[in-house]
Each structure stands twice: as C-alpha cells, then as structure tokens.
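**Q** Questions regarding the structure given below will be posed in turn.
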Amino acid sequence: MKRTPHLLAIQSHVVFGHAGNSAAVFPMQRVGVNVWPLNTVQFSNHTQYGQWAGEVLAPQQIPELVEGIAAIGELGNCDAVLSGYLGSAAQGRAILSGVARIKAVNPKALYLCDPVMGHPEKGCSVPAEVSDFLLDEAVAMADFLCPNQLELDSFCGRKPQSLFDCLGMARSLLDKGPRAVLVKHLDYPGKLVDGFEMLLVTADGSWHLRRPLLAFPRQPVGVGDLTSGLFLARVLLGDSLVAAFEFTAAAVHEVLLETQACASYELELVRAQDRIAHPRVRFEATPIGF
C-alpha cells in the first residue's frame with residue numbers, strides 16, 4: 001500500500017468561513033494528504049469583515065508543539081511544512097526553527113512559504129518587520145515560494161512593466177534559495193482583463209497559465225491559501241511541478257465556480273469537494289521564456 005504523505009500546516013485559522021488553514025486543510029485532505037494543522041491565530045472570522053475576535057499564538061508555542069510531536073516519535077514522518085500568514089517576525093522565526101527541526105530528522109522534507117502580505121486589491125496587511133523577515137530570512141529556507149503580485153513587487157522593490165518583467169522578477173528570487181516560485185496572481189500593464197494569470201518559475205524552465213476570471217461582488221478570501229496548499233499537496237502525491245501547477249489552477253477554478261453559483265462570499269469548499277479531487281476543467285501551462 002502506498003504511503004500517505006504527512007504535511008504540517010502552520011498558518012491562521014478562522015472559526016467561521018475559510019482563510020488560512022480553514023481554506024487549505026480540508027482540500028489538502030480531500031486530495032489525499034494527512035494534514036497536521038498548527039494555527040498561528042484563531043479568529044472568529046477573517047479580517048475583511050472589518051471586525052473579529054480571537055487571539056494570536058505566542059511564538060514560543062510553535063517550537064514547543066513541534067517538539068511535542070517529536071516526543072511521540074512522529075516528527076520524522078512529516079514530509080512537508082506549509083507556512084502562511086504571520087502576525088510577527090518572531091512568529092516567523094519560530095516557524096523556521098520548526099522547519100529546521102523537521103529537516104534535521106527528515107532531510108527530504110519540503111518547505112513551502114506562502115509570504116502573505118496582502119492582496120493586490122486590498123493593500124499590504126502585515127507589519128514592515130514581517131515583510132523584511134520574509135525576504136531576508138524565509139525565502140532562503142523555502143523550497144517553494146508562492147507570492148501574489150503585491151508580494152512579488154515587495155520582494156523586488158518595484159512593479160512590473162510586462163509579463164516578461166514578471167518572469168524576470170520571479171527568476172531573481174530563485175537566486176535567494178527556492179527551487180520554484182509560483183506567482184499565484186499576475187498583474188501587469190497590458191494584461192487581458194478577462195483572464196486570471198499565474199506563473200511557475202524553476203531553474204529548468206518557466207510556465208504561464210491563464211484561466212477565466214470570475215466576477216464576484218466581493219472577492220472571496222482564502223483563494224491564495226487554497227492555491228498554495230493544493231500545489232504542495234499534489235507535489236507530495238507525486239505530481240511534477242507543472243502537473244501540480246495545472247491541477248491546482250483547475251481545482252481552484254472549480255471551487256470558484258461553485259462559490260459564484262451559490263452567490264457566496266465564503267469559498268464553497270464542501271460543495272465543491274468532489275471537483276477539488278477530480279476537476280472537470282483543465283488549463284494548460286505554456287512554457288515561457290525571454
């Protein structure tokens with residue numbers, strides 16, 4: 001029997017709705033990965049509602065929880081770590097400590113960093129110390145980096161002038177350590193307004209993917225978290241990076257179609273679960289170069 005992968009997901013959690021782990025854990029489980037959720041915050045709901053209740057996990061608790069898993073002899077079974085929203089740079093350093101601990105007992109373990117800073121339509125949402133930490137420390141340890149356009153701009157200190165400029169910016173991040181950069185949401189002058197575009201960049205090649213842009217009265221939250229989680233899950237299940245990229249785009253589109261059909265502000269993950277596991281649509285990633 002083929003072994004089921006195990007993944008430690010360290011990011012935010014909401015009681016109501018879908019953001020952070022609340023957007024990523026169930027879909028990753030649904031495609032066949034055992035997920036160990038470690039919630040960096042627990043809020044009543046995501047912050048785009050304008051009000052919420054809850055608390056942030058103290059940074060020192062992250063390595064304590066990792067050591068608790070080690071104490072029962074299970075840490076070596078962790079195949080990957082996913083990190084998302086950070087409340088502080090101290091919390092980020094605690095996560096990197098956990099990643100290092102896991103890689104020490106399982107050198108093959110992967111680390112995907114979703115460098116959450118904000119959304120292009122909503123602005124930056126983290127303190128400057130978090131942005132600095134992500135660029136100066138997290139990127140170097142990440143096997144996979146999954147920024148959106150705002151985060152790519154922040155890393156590179158400028159906005160792109162074209163699709164090929166986005167490609168060059170993403171490639172520049174490879175020099176800092178990651179084996180692959182997945183840009184979850186491209187935005188550049190001349191981009192077609194009816195398309196949603198993504199980019200996958202590795203040392204061996206680069207691929208561009210375009211899918212239809214679906215209209216919503218209010219953009220659902222958690223799409224980036226869903227994207228990063230599914231991409232890492234599919235890699236753990238044996239997909240090539242390109243195949244994982246294509247699968248992720250299709251599965252996320254299926255969720256958005258169901259969400260749109262239900263006129264819902266929150267992602268309709270449960271209703272779309274079969275199509276997450278078995279997308280009906282397919283979007284081809286096209287090789288791209290200078």
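Positions of Cβ are set from backbone N, Cα and C atoms, glycine also.
Copied straight from Swiss-Prot:
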BINDING   Ser12, Thr47, Gln48, Asp225  substrate binding site
BINDING   Asp114, Glu151, Lys184, Arg211, Pro212, Leu213, Leu214  ATP binding site
**Q** Work through the binding-site residues one by one (Ser12, Gln48, Asp225) and name whichever has its CA nearest to the CA of Asp114 (ATP binding site).
**A** Asp225
**Q** Report the nearest neighbour of Asp225 (substrate binding site) in space among the binding-site residues Glu151, Lys184, Pro212, comparing Cα positions.
**A** Lys184
**Q** Which residues, in sequence order, are found in the same chain with Cβ within 8 Å of the centroid defined by the Cβ atoms of Ser12, Thr47, Gln48, Asp225 at the substrate site, excluding those residues themselves?
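**A** Neighbours within 8 Å of the Cβ centroid, excluding Ser12, Thr47, Gln48, Asp225: Val14, Ala19, Gly20, Phe43, His46, Tyr85, Val221, Gly222.
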**Q** Of Ser12, Thr47, Gln48, which is closest to Leu213 (ATP binding site) if I measure between C-alpha atoms? They're all binding-site residues.
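**A** Result for Leu213 (ATP binding site): the nearest of the binding-site residues is Gln48.
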**Q** Same chain only, sequence gap of 6 or more: which residues have a CB within under 8 Å of the CB of Pro212 (ATP binding site)?
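**A** Non-local contacts for Pro212 (ATP binding site): Asp194, Gly195, Phe196, His253.
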**Q** Any idea of the Cα spread of the substrate site, Ser12, Thr47, Gln48, Asp225, as a max distance in Å?
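**A** Of all Cα pairs among the recorded substrate binders, the widest measures 15 Å.
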**Q** Measure between the Cα atoms of every pair in Asp114, Glu151, Lys184, Arg211, Pro212, Leu213, Leu214, the residues the record assigns to ATP, and report the largest value in Å, rounded to a whole number.
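**A** Greatest Cα-Cα span of the listed binding residues: 23 Å.
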**Q** Would you mind listing, in sequence order, the residues at least six apart from Glu151 (ATP binding site) in the same chain with a Cβ closer than 8 Å to its Cβ?
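**A** Correct list: Pro115, Val116, Met117, Gly118, Leu134.
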**Q** Can you tell which of Ser12, Thr47, Gln48 has the most other C-beta atoms within 10 Å, given these are the binding-site residues?
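**A** By the 10 Å Cβ neighbour count, Ser12 comes out on top.
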**Q** Can you grab the distance from Arg211 (ATP binding site) over to Gln48 (substrate binding site)? Cα atoms, rounded to a whole Å.
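**A** About 25 Å separate the Cα atoms of these two residues.
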**Q** Would you mind pulling the DSSP three-state label for Arg211 (ATP binding site)?
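**A** It is in a strand.
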**Q** How big is the Cα-to-Cα gap, in Å, between Ser12 (substrate binding site) and Leu214 (ATP binding site)?
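**A** For Ser12 (substrate binding site) versus Leu214 (ATP binding site), the Cα atoms are 26 Å apart.
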